[in-house]
Amino acid sequence: MTTFHVLGFPRVGPNRELKFSQERYWRGEVTEAELLDVAKSLRETNWKNQAAANADYVAVGDFTFYDHILDLQVATGAIPARFGFDSQNLTLAQYFQLARGNKDQFAIEMTKWFDTNYHYLVPEFHKNTVFKANAKHYVQQLQEAQALGLKAKPTIVGPVSFLYLGKEKGQEAFNRLDLLPKLLPVYVEILNELVKAGAEWIQIDEPALAVDLSQEWVDAVKASYETLSKAVNAKLLLATYFGSVADHADLLKALPVAGLHIDLVRAPEQLAAFENYDKVLSAGVIDGRNIWCANLNKVLDTLEPLKAKLGDRLWIAPSCSLLHTPYDLSVEKELDAELASWLAFTLQKVQELNVLKTALNEGRPAVATELKASADAAQARASSARIHRAEVAKRLAELPANADQRQSPFEKRIEAQQAWLNLPLLPTTTIGSFPQTLEIRQARAAFKKGALSLEDYTAAMKKEIAHVVKVQEELDIDIPVHGEAERNDMVEYFGELLDGYAFTKFGWVQSYGSRCVKPPIIYGDVVRPEPMTVSWSSYAQTLTKRPMKGMLTGPVTMLQWSFVRNDIPRSEVCKQIGLALNDEVRDLEKAGIKVIQIDEPAIREGLPLRRADWDNYLAWATEAFRLTSYGIEDSTQIHTHMCYSEFNDILPAIAAMDADVITIETSRSDMELLDAFVKFKYPNDIGPGVYDIHSPRVPTEAEIEHLLRKALEVIPAKRLWVNPDCGLKTRAWPETTAALKVMVDVAKKLRAELNA
Ligand code: GLN
Ligand code: ZN
């Protein structure tokens, strides 16, 4: 019999119940007991859904109130000592303080979980970190599931990935891997607590195996699993995902664990390296990272021969935890039936595994109806006219080879731009959005609901634009913007105006803690049916003599923050979006908006996990960006903006985007980025952010001056712009004008100095 198991389930609940309950608890509106109740019932729902789909083991320990790596910090006693908390007796209130900070301590830093949009809390390791086991989190969930009569498999992130994901802190330099000998006994203790509570199998995730690991980390895997297997009397299932681990195949196959999980969606080719494995092989065949139905017959074509080899040692599973997919498609009543028939969310995915399991155990005829439906859906999707639009393919195919090159090199373009822009040294601008006040959000919501007419909505937005333009005039900002009042979200706004995009109503996935995002779905060829921003920007331009900056979201960011179709390469989707945006850029240019910013905050986070794949990604990503400017005049000035990441290691690629001006987040790191410019001479204009917009605090003149002087040391004055770190939409008005005034004053002061 083939075993079907789940690596992990979404935690926030079918309707984000956990989020709402947590936030109420944080506001003091519900008691801890009420929150605990909500959590318990969500776990029960999750397990029942897994059991209902015929899963042989439900996942336990995957539920968390905030983050599974924070749970692991508590379980191993490795919470930051700076909080002064006792990990053995941590209260829920303290747990949330670790995640969100308190009046004395900043929160534990957060960063992206591999190449997903989920964020984990980064463990802070010190040379003398003392580990202490506290298995409660895992044991309690195991017992709860058992009490429901379910067979459960605890899941926990393994010691190597745990150390790998952390950071070294403290004065003394050390290697966090040196903590492993102290950490392993604590893992042994935790795992043995689970054995005592009745765990037969324990899933230990080592996702770090899918990134580039140096030899010492690979050796640590060997040492860890030799120790754990010897000391723990349970069957250990070592789980890998997000990429191929074929380069470690010999090592992994020789480990004394009872089973291995591999991701056959991201890296189907790695199967060849593992199909002769002599223990349990868990095949991750259903995509845990995307929302498309599987073609079940095709999956069976892979699984059946594997079953012939492995017999009952074949397990099946989603490729990774389902935490990255929305909960349930069946509640999406507004999606059209055709599109819906191509999609599978968490609950649909476990049903797919149910069908696969039955087919493997009883033969395909036992699930003939389901298999036919799956084949029909795949067939329909492959041939749908909504997906493949001949004109899109033709346009891409017929692009001239130099379509991604501006007419002239930067030195010449910037002259043509300066000729009409007439900007002073250290020109000032902002990143695009201005405060999204309650009025703006209410007007947008009313318009969406149909409670506000298009005329009234347009009038409300125009009023806002007029206000924003006036403020910038008064502040004497050289390149004003219209303020983006009409945009709820920088990707959703454009997605809704492009063909090939669809939106769900409840398709939430956890981003961090109680925060969820609802990524749009790119299902077909992308086309821009009509201008998207021209009327707003043109209206803004009528209000001022200063050159108005048009504002678009770039193709890589549009791609990165969406669920992307899996029937053509991402690179091609990205180029399609680039060309759709090119239509907009040309229309803006025609309308006289000749400074245009194309935001790419997500370009860095799209980097593949393995360095060997970086060049290829950066080549097509920067090409897609450059395609947005296909055929425009030299005198049109293209800006781009980046944030959320450190960009030091991809500066050449950023230069290859060939934007005339780049504005980039730097203030939070005291312009650390600029150090990289000492080595790499960034060729075009650049505006390193001079103050942090994430805080309501108004920067002092001295702070901004300090940053700008630092910038002037490595960037020629005539290349340097002055701007905040990012958009201002999350800020309130008073601090916004106050901060911008300080910024402009400092720019003028230094400008006078430079001109003297
Ligand atoms: N133009 C966008 C804004 O100002 C940029 C947002 C971003 O960088 N994430 O809001
Ligand atoms: Zn930004």
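Just so it is clear, glycine is given a Cβ too, placed from its N, Cα and C backbone atoms.
Curation does not apply to TrEMBL; its annotations are automatic.
The secondary structure of HIS694 (active site, proton donor), as reduced to three states from DSSP, is coil rather than helix or strand. Taken from TrEMBL, the feature active site, proton donor applies to HIS694.
Sequence annotations record features per position, and here TrEMBL assigns 5-methyltetrahydropteroyltri-L-glutamate binding site to ARG16, GLU17, LEU18, LYS19, LYS112, ASN117, ARG515, CYS516, TRP561, GLU605. Classification of LEU18 (5-methyltetrahydropteroyltri-L-glutamate binding site) by DSSP places it within a helix. The Cβ of LEU18 (5-methyltetrahydropteroyltri-L-glutamate binding site) has ARG11, VAL12, VAL38, ALA39, LEU42, PHE65, SER514 as same-chain neighbours under 8 Å, each 6 or more residues away in sequence.
Under the heading L-methionine binding site, TrEMBL lists ILE431, GLY432, SER433, GLU484, ASP599. DSSP assigns SER433 (L-methionine binding site) to a strand in the three-state reduction. Annotation for SER433 (L-methionine binding site): same-chain Cβ neighbours under 8 Å, separated by at least 6 residues, are GLY483, GLU484, ARG487, GLY727, LEU728, LYS729.
If you draw a 10 Å sphere around the CB of ASP599 (L-methionine binding site), it holds 25 other CB atoms from the protein chains shown. Positions annotated as L-homocysteine binding site by TrEMBL: ILE431, GLY432, SER433, GLU484, ASP599.
CYS643 (Zn(2+) 1 binding site) falls within neither a helix nor a strand when secondary structure is assigned with DSSP, and so counts as coil. Within 10 Å of the C-beta of CYS643 (Zn(2+) 1 binding site) there are 22 other C-beta atoms, taking all protein chains into account. For HIS641, CYS643, GLU665, CYS726, the entry in TrEMBL reads Zn(2+) 1 binding site.
The Zn(2+) binding site annotation in TrEMBL covers HIS641, CYS643, GLU665, CYS726. Sequence-distant neighbours of HIS641 (Zn(2+) 1 binding site) (same chain, 6+ residues apart, CB-CB distance under 8 A): ILE431, GLY432, GLN597, ASP599, GLU600, PRO601, ILE662, THR663, ILE664, CYS726.
Averaged over the domain 'Cobalamin-independent methionine synthase MetE N-terminal' (5-309), the predicted model reaches a pLDDT of 97. Residues annotated as domain 'Cobalamin-independent methionine synthase MetE N-terminal' in TrEMBL: 5-309.
Sequence annotations record features per position, and here TrEMBL assigns domain 'Cobalamin-independent methionine synthase MetE C-terminal/archaeal' to 426-748.
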Shell of the Zn(2+) site beyond HIS641, CYS643, GLU665, CYS726, same chain only (C-beta within 8 angstroms of their C-beta centre): ILE431, PRO601, MET642, TYR644, THR663, ILE664, GLY689, ASP725, GLY727
For GLU665 (Zn(2+) 1 binding site), the one of ARG16, LYS112, ARG515, TRP561, HIS694 that lies nearest, given that the recorded positions are compared by Cα: HIS694
CYS643 (Zn(2+) 1 binding site) and HIS694 (active site, proton donor), distance between Cα atoms, whole Å: 12
DSSP three-state assignment (helix, strand or coil) for ASP599 (L-methionine binding site): strand
Listed binding-site residues adjacent to ligand 2, that is, members of GLU484, ARG515, ASP599, CYS643, CYS726 whose C-beta is under 6 A away: CYS643, CYS726
Three-class DSSP secondary structure - LYS112 (5-methyltetrahydropteroyltri-L-glutamate binding site): strand
Neighbour-count leader, CB within 10 A, recorded positions: ARG16, ARG515, HIS694: ARG16
Distance-selected binding-site residues near ligand 1 (C-beta under 6 Å), from ARG16, LYS112, TRP561: none
Cβ atoms near ILE431 (L-methionine binding site) (within 10 Å, other residues, all chains): 27
